[in-house]
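S.K.: Quick one: the structure is below, and I'll ask about it shortly.
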Amino acid sequence: MHKKKHIKHGTNKQEIINIGTKSPTFQEKQRPSKTDQRSTVWREEQKKQELKVHRIFHPQPRTGFDVGKGIDPWLTTWQMITVILATLCIILVTKVGFLIPSLFSKGEKQSRKFSLLDPLCDRNDDSSCDFCSSDWIAFGNNFYCVFRENSKTWVESQSACEELNSHLVIIDSKAEVENLLLFEMDGWILHRMDGTNSSRLWGNDIKIRNTLMNDSEKKNHSCHYLRGNIFMPDECSAKKTYICEFNI
């Protein structure tokens, strides 16, 4: 009897517990409230925002490799820069290759050009030194200068050269003519018609222009000036540029 009562009593307790858990009031207590749900959502949003801010101020080191595409953007950029620099280097080398020969040719011309004729200036007063300018050109032991600003007669030209302890240029070789042609020197020269054909000295490149003249004209046209590779006879009273020569 006592056992049965005990069993019944335990059964009643279990039923009470089961009934209590199944009751609506108990289930409502077990469910999270709306306030708790909102706070949970807010915390999750706050964590997301904090994570974004952290990524902005503390970015992860770039690996430089896109796993999906298999392409390294940094490598591509450096390849483009390398190609551009290589192209520029090739262009510069090409330009330098074209410039060097021209510089050497200019240097050769400058080496044939003399500098100031200091020995000539030392022998004259200051006024005479005005004639000594960078127009003087050296060729071997000879210095030449063409005066283009003040045209003079043949006699005046010779006198002007003598004031500089020089004389009108005397051409006695083909090389000397080539030197004068190189620097485009035209003017009175110290050459007179003496019945000889001076062109034999220099071959067919140098020509003496002969014209039909009577005896009186020959006297008046006994002076010559150089124009290009041609000796031109003309009246000695004509005013032209002149070329002075100084020998050391």
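Glycine residues also receive a Cβ, built from the backbone N, Cα and C atoms like all the rest.
Here Swiss-Prot flags 28-44 as compositional bias 'Basic and acidic residues'. Marked as disulfide bond by Swiss-Prot: Cys132-Cys145, Cys161-Cys244, Cys223-Cys236. The feature domain 'C-type lectin' is assigned by Swiss-Prot to 139-245. Annotated N-linked glycosylation site per Swiss-Prot: Asn197, Asn214, Asn220, in sequence order, evidence recorded as sequence analysis. Positions annotated as region 'Disordered' by Swiss-Prot: 19-44. What Swiss-Prot lists as topological domain 'Cytoplasmic' is 1-79, and the listing cites a curator's inference. The topological domain 'Extracellular' feature in Swiss-Prot is assigned to 101-248.
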S.K.: So how many other Cβ atoms are close to Cys223 (disulfide bond), meaning within 10 Å of its Cβ?
M.R.: 25
S.K.: Based on Cβ atoms within 10 Å, give me the single least packed residue among the disulfide-bonded residues Cys161, Cys236, Cys244.
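M.R.: Counting other Cβ atoms within 10 Å of each of the disulfide-bonded residues Cys161, Cys236, Cys244, the minimum falls on Cys236.
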S.K.: Counting distance between Cα atoms, which of the disulfide-bonded residues Cys145, Cys223, Cys236 is nearest Cys244 (disulfide bond)?
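M.R.: Nearest listed residue in space: Cys145.
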S.K.: Cα-Cα, whole number of Å: Cys145 (disulfide bond) versus Cys236 (disulfide bond)?
M.R.: 20
S.K.: If you measure Cys161 (disulfide bond) to Cys236 (disulfide bond) at Cα, how many Å is it?
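M.R.: Per the Cα atoms, Cys161 (disulfide bond) and Cys236 (disulfide bond) stand 16 Å apart.
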S.K.: With every protein chain in view, what's the tally of Cβ atoms within 10 Å of the Cβ of Cys145 (disulfide bond), excluding that atom itself?
M.R.: 25
S.K.: Could you check what DSSP calls Cys236 (disulfide bond) once collapsed to helix, strand or coil?
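M.R.: Cys236 (disulfide bond) sits in coil per DSSP, no helix or strand.
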S.K.: Check the DSSP secondary structure of Cys244 (disulfide bond), expressed as helix, strand or coil.
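M.R.: SS state of Cys244 (disulfide bond) = strand.
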S.K.: As a test of reading the model: what is the averaged pLDDT for the domain 'C-type lectin' (139-245)?
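M.R.: So the average pLDDT across the domain 'C-type lectin' (139-245) works out to 74.
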